[in-house]
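Novice: As annotated in Swiss-Prot:
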- Gly69, Gly70, Arg91, Asn196: substrate binding site (BINDING)
- Lys34: site 'Transition state stabilizer' (SITE)
- Lys256: site 'Transition state stabilizer' (SITE)
Amino acid sequence: MTDAPVISPLDQARILSEALPHMQRYDEETIVIKYGGHAMGAEDTAKAFARDIVLLEQTAVNPVVVHGGGPQIAQMLKRLGIKSEFAAGLRITDAATIEIVEMVLAGSINKQLVGYINEAGGKAVGLCGKDGNMVSATKATRTMVDPDSRIEEVIDLGFVGEPEKVDLTLLNQLIGHELIPVLAPLATSASGQTFNVNADTFAGAVAGALRAKRLLLLTDVPGVLDQNKKLIPELSIKDARKLIADGTISGGMIPKVETCIYALEQGVEGVVILDGKVPHAVLLELFTNQGTGTLIHK
């Protein structure tokens, strides 16, 4: 293990000076940050992320955090002996599973992240989409083609939802008042049923409703890769759709990019897919010239 390079006071001052125009660009702007379960990693990684979020708030940025929790949910289900199945990239969520999902997302993960942000000097408020009827959802549906019959079949995903409406009443009471919303991706139906919502989709819906300056999707890959597995630093919506059509963007990256496109069409200025395991990834993206990850824009 090597020691971190020593930076002279002059270099430290230069770094801060070079960050100034970027800080001014995001002054009083809302940034929605989706923090994936895989990106959370170890406790020190999560605490470093929390410190960066507090730094954003201290520089007059309005951060809104949406967290995932797939690995943590899987771990809890395994401990309880509940089998977990996936279809079309989404967790099939039956009555027993939705209770565990809500406990892990709105309980342990949400409150742990709130604690880390508060420990770093921020004022975080932990919520989920059910609070204040913030995010209303309808039952999600997916189809798959049976490999034998070639017949398209509708998959019952259980209590998995798609955001239908975002009510900003509660969020608007927090944003801009030195409070940092930390949101678990749960929503409710018109009848009061709790739905598990994909965290990327949830973050895209919230960012779109807020007309956020940026949506950052922190994940466990560097961003969108080309056919040679090299990072694509920037894409337009048109370029992204072409890459989906020709298969360059495939698998789990497709719904992420589709979330980016949706958010942009709702008024978000730019969306970035980036590796949340990179130290200070959020600060690198927002406050440096080179940024990090893949920026998708109109």
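Quick reminder: no glycine exception, Cβ is built from N, Cα and C everywhere.
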Novice: Using Cβ-Cβ distances, find the residues under 8 Å from Gly70 (substrate binding site) that belong to the same chain and are at least 6 apart in sequence, listing them in sequence order.
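Specialist: Residues satisfying the criterion: Gly36, Gly37, His38, Arg91.
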Novice: If you count the other Cβ atoms within 10 Å of each Cβ, which of the recorded positions Lys34, Arg91, Lys256 comes out on top?
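Specialist: Per the Cβ count within 10 Å, the most buried is Lys34.
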Novice: Which residues, in sequence order, are found in the same chain with Cβ within 8 Å of the centroid defined by the Cβ atoms of Gly69, Gly70, Arg91, Asn196 at the substrate site, excluding those residues themselves?
Specialist: Gly37, Gly68, Ile73, Ala74, Thr93, Val101, Val104, Leu105, Pro185, Asn198, Ala199
Novice: Distance between Lys256 (site 'Transition state stabilizer') and Lys34 (site 'Transition state stabilizer') at the Cα atoms, whole Å?
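Specialist: That comes out at 11 Å between the alpha carbons.
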Novice: Max CA to CA distance in Å over the substrate-binding set Gly69, Gly70, Arg91, Asn196?
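Specialist: Binding-site diameter by Cα atoms for substrate: 12 Å.
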Novice: Rounded to the nearest Å, what's the C-alpha distance separating Asn196 (substrate binding site) and Lys34 (site 'Transition state stabilizer')? Just drop the number here, would you?
Specialist: 16
